[in-house]
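Novice: Dropping a structure here in structure tokens format, bear with me for questions.
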Amino acid sequence: MATESCLSSSQISKVDNEKLVRPKVQLKSLLEDAGADKDVFTMKEVMFYLGKYIMSKELYDKQQQHIVHCGEDPLGAVLGVKSFSVKEPRALFALINRNLVTVKNPESQSTFSEPRSQSEPDRGPGDTDSDSRSSTSQQQRRRRRSSDPESSSAEDESRERRKRHKSDSFSLTFDDSLSWCVIGGLHRERGNSESSDANSNSDVGISRSEGSEESEDSDSDSDNFSVEFEVESINSDAYSENDVDSVPGENEIYEVTIFAEDEDSFDEDTEITEADYWKCPKCDQFNPPLPRHCKSCWTVRADWLPETHSNWENLSRNTRTNPEDTSVTTTPNTTFEKKLSKPSSPLPETDDGVDVPTPPLLRRGSSQEETPELERFNSLEACLPATCLEPCVICQSRPKNGCIVHGRTGHLMACYTCAKKLKNRNKLCPVCREPIQSVVLTYMS
């Protein structure tokens with residue numbers, strides 16, 4: 001992009017753009033360094049040569065190119081600041097205006113307005129009529145607004161659309177050579193296109209000219225001093241309200257999914273090795289030692305519990321072979337059999353199905369049948385340690401049948417109820433102070 005074509009239209013209003021000014025001595029020397037060769041300038045030319053000077057001196061920041069550092073340059077002494085930003089055009093215009101003197105020369109104004117009038121197309125009769133009725137435009141607008149609210153809303157939308165076109169048209173850009181320049185917009189071309197459209201319909205032309213005049217009067221400062229960082233061309237798409245939907249909102253919702261297992265896994269237990277796993281006889285699947293079922297086919301593990309029936313059979317056989325018991329059972333007693341078959345005083349049975357207490361002879365026979373269980377309990381007392389036969393150390397009432405398991409070991413020192421309470425309250429094992437993994441109801445056989 002050539003430096004001479006950097007400034008196509010000033011960011012200043014029309015009146016200030018056509019106003020002739022004379023820079024002071026210090027500012028004039030800076031403009032002459034940028035290539036200026038005259039004494040009187042327009043504001044457009046002052047901005048052009050000032051941008052050319054900043055480009056040649058490379059006073060702009062390499063990272064943030066809209067910031068100009070002029071503290072060690074004569075430009076800083078002229079403007080009275082060490083740095084400024086082109087994003088604040090009002091402040092920049094105020095700094096430059098201090099070093100300018102207004103020149104009132106109608107001849108020079110006419111010479112300046114001639115090329116501008118040549119560059120613009122001929123004005124049609126619609127524009128002439130709109131200029132003649134400009135004095136009564138405000139009254140007509142008020143009447144239209146009061147009579148037709150829909151047309152007033154349409155005018156407001158078109159006026160706001162023109163505001164966006166003008167405010168979006170000014171931008172600051174840097175080409176491949178990092179040239180610093182201010183690019184004007186398409187306000188003049190769009191104004192000409194609107195005036196050419198007004199020739200076809202005089203009423204529409206009047207309303208458009210009135211809307212443009214009102215927007216220029218009310219928004220001259222905000223529109224003419226807006227700065228952006230992209231260059232728009234004539235063929236660029238117009239602003240549409242649908243583009244607002246594409247802009248992401250401030251509030252964004254993030255959905256986070258956490259994957260975790262619902263059940264505890266035995267694979268993480270460091271105390272369980274592969275040697276402890278058991279193999280299913282049906283599907284040949286290796287399973288952890290604690291579950292009793294296979295994970296694949298749900299088959300119960302063989303030898304999961306001891307065979308209690310065989311023990312009972314062995315104990316019953318031992319009691320039958322005992323000579324003392326056989327003497328009791330084989331002794332012929334006809335009177336005992338008669339009393340069993342024909343009791344002397346038959347006992348009735350209640351309607352509720354509750355049996356009447358048995359006579360002493362029947363109790364004697366049942367006690368003879370319970371003798372194997374007593375012998376079995378006596379054998380357990382002989383083989384188990386004395387601490388296992390003591391009551392629970394916590395409640396001192398129930399037997400010790402609640403094994404506190406932690407890892408591959410456990411302690412049998414409390415009943416199942418007390419041990420379960422310790423587990424639910426997240427207490428430690430009272431013996432070894434280890435975390436309680438589970439509580440097992442223990443049967444002594």
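Including glycine, each Cβ sits where the backbone N, Cα and C put it.
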Novice: Among 34-63, 64-93, 274-303, indicate the range for which Swiss-Prot gives the feature zinc finger.
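Specialist: When 34-63, 64-93, 274-303 are checked in Swiss-Prot, zinc finger belongs to 274-303.
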Novice: Between 139-145, 160-166, I'd like to know which one Swiss-Prot lists as motif 'Nuclear localization signal'.
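Specialist: From Swiss-Prot, the annotated motif 'Nuclear localization signal' range turns out to be 160-166.
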Novice: Among the residue ranges 348-355, 396-403, 420-427, I'd like the one that Swiss-Prot describes as motif 'Nucleolar localization signal'.
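Specialist: In Swiss-Prot, residues 420-427 carry the label motif 'Nucleolar localization signal'.
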Novice: Could you give me three numbers for the motif 'Nucleolar localization signal' (420-427), the DSSP helix, strand and coil residue counts?
Specialist: 5 helix, 0 strand, 3 coil
